[in-house]
């Protein structure tokens, strides 16, 4: 418990020498009474370029009301936000992962510059969540994340659809399985309003993670963006931050090794996005908590997959709310012994205490009981082998084949692979290789939802696999192996795969191998020459020079 709630902001607001600062703040409308109170930063990721974050301006207003009611003075600021869905399949997607670290930097800079006493970060689209968490952890002042909520599903010909179905329809049209008119109907119906993409894709995966890890108040994320209850969620969050400030509860108090294990278990139990691997590795680094790829595989092996959620399952994200919310997921984790129930959360209560308050909707089958899981192990697998010595990641739902040996179809960019798929050049049993799309090589490690959806839409989802040093959208399904490390641009074995080489994927043995002798692989690696950097100046060049391997979270490393 802290007795000085203004121990940071008084440096900005108090005393004769700060008259200039007060004069400028009064020009905005703040009064002496306002400036005598604790200053609460409202880090907003509102932006007008996507539905995911479009509701955050209105949500921020309710948060600020709650802060004022509880005795604080809110000050709102904004960060950048890049939409994966809007930029997918273009050069713009290279900015997405890079924005995660820029968001972290901007929140850190604002916190250090204005010396806020506490911070609430309003987040929604994929990279805003880990970026904000990383920034708060660096500052380590009282604070937490508030998720804007999921979009409602669209409806087309009697079934629920999401953005995933739009991308898969593009592939179906290219394969002659759907008309352009039907694609237009799906396009017009898939996204009916505000909110983040509506399956257990990356945004909802990370929103779940943040509640289970303890950095978001449990019971807030599952409330959909357009639901009238969201106003109350925002107001109560504004009140809660003042309580968190009084208790002096900081991110690094919450982000223990046990909390990270809980977070990984939540990804496994819900069939969450492989992007969670990158983001949790990066967040653990900021928190000073040892975490490796192997931890994800170990925890996933012992955690059942219980949530029947898109992209591979039946339900969209709003059904989690209807089933009882993330509290029910927490209860499954705690009751099954898959999570550390004594881990503290931002409310001051333990995960077990929060889970005990879960109110499950009778008869719901979105979050299955522990004695009837979709499959007994989680969806995340970490593969190694001579093609991925430092590791790679794949997400499974349970219906995919576990062994595939086939010829490599090699592409040095996402665009080249997409052209081959929509041009009908990919055949059953092919293994598509997309390289030079890693953190350094892209740069920015683009998501491949357009490619993977085109494969599925063309009817090849069960017969074609994909291997890449890029990454995947949370909406991806099928045997799609990403995050291959070392990446091709660092001279990883992916760089020396040739068209027609045999690749062997054995998911049961957690391996992905190039079927060549060690001598042949060594000779090819010796002869390999790195390509010229794709950017020579600006943020892309700087990122490419400083970014670490995907196996380390693709974080920026200080030279």
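In case you wondered, yes, glycine gets a Cβ from its N, Cα and C as well.
Counting every protein chain shown, the Cβ of residue 473 (active site, proton acceptor) has 29 other Cβ atoms within 10 Å. Summarising the annotation, Swiss-Prot assigns active site, proton acceptor to 473.
Sequence-distant neighbours of residue 197 ([2Fe-2S] cluster binding site) (same chain, 6+ apart, CB under 8 A from its CB) are 52, 85, 150, 151, 162, 163, 164, 203, 204, 474, 475. Mapped onto three states, the DSSP output places residue 197 ([2Fe-2S] cluster binding site) in coil. Positions annotated as [2Fe-2S] cluster binding site by Swiss-Prot: 52, 125, 197.
Here Swiss-Prot flags 84, 126, 127, 447 as Mg(2+) binding site, drawing on sequence analysis. Under the three-state DSSP scheme, residue 127 (Mg(2+) binding site) falls in the coil class. Take the CB of residue 127 (Mg(2+) binding site) and look out to 10 A: across all protein chains shown you find 29 other CB atoms.
The annotation N6-carboxylysine is assigned in Swiss-Prot to 127.
Long-range neighbours of residue 125 ([2Fe-2S] cluster binding site) (same chain, six or more residues apart, CB within less than 8 Å of its CB): 45, 50, 52, 53, 81, 82, 83, 84, 196, 203. Counting in whole angstrom, residue 126 (Mg(2+) binding site) lies 9 from residue 473 (active site, proton acceptor) by their C-alpha atoms. It is 12 Å from the Cα atom of residue 127 (Mg(2+) binding site) to that of residue 473 (active site, proton acceptor).
In the three-state DSSP reading, residue 84 (Mg(2+) binding site) counts as helix.
Other residues of the chain with a Cβ within 8 Å of the Cβ centroid of 84, 126, 127, 447, the Mg(2+) site, are 82, 83, 93, 96, 97, 125, 202, 275, 473. Same-chain neighbours of the [2Fe-2S] cluster site beyond 52, 125, 197, judged by a C-beta within 8 angstroms of the site's C-beta center, are, in sequence order, 50, 51, 53, 83, 84, 85, 124, 126, 151, 195, 196, 203. In three-state terms derived from DSSP, residue 447 (Mg(2+) binding site) belongs to an extended strand segment.
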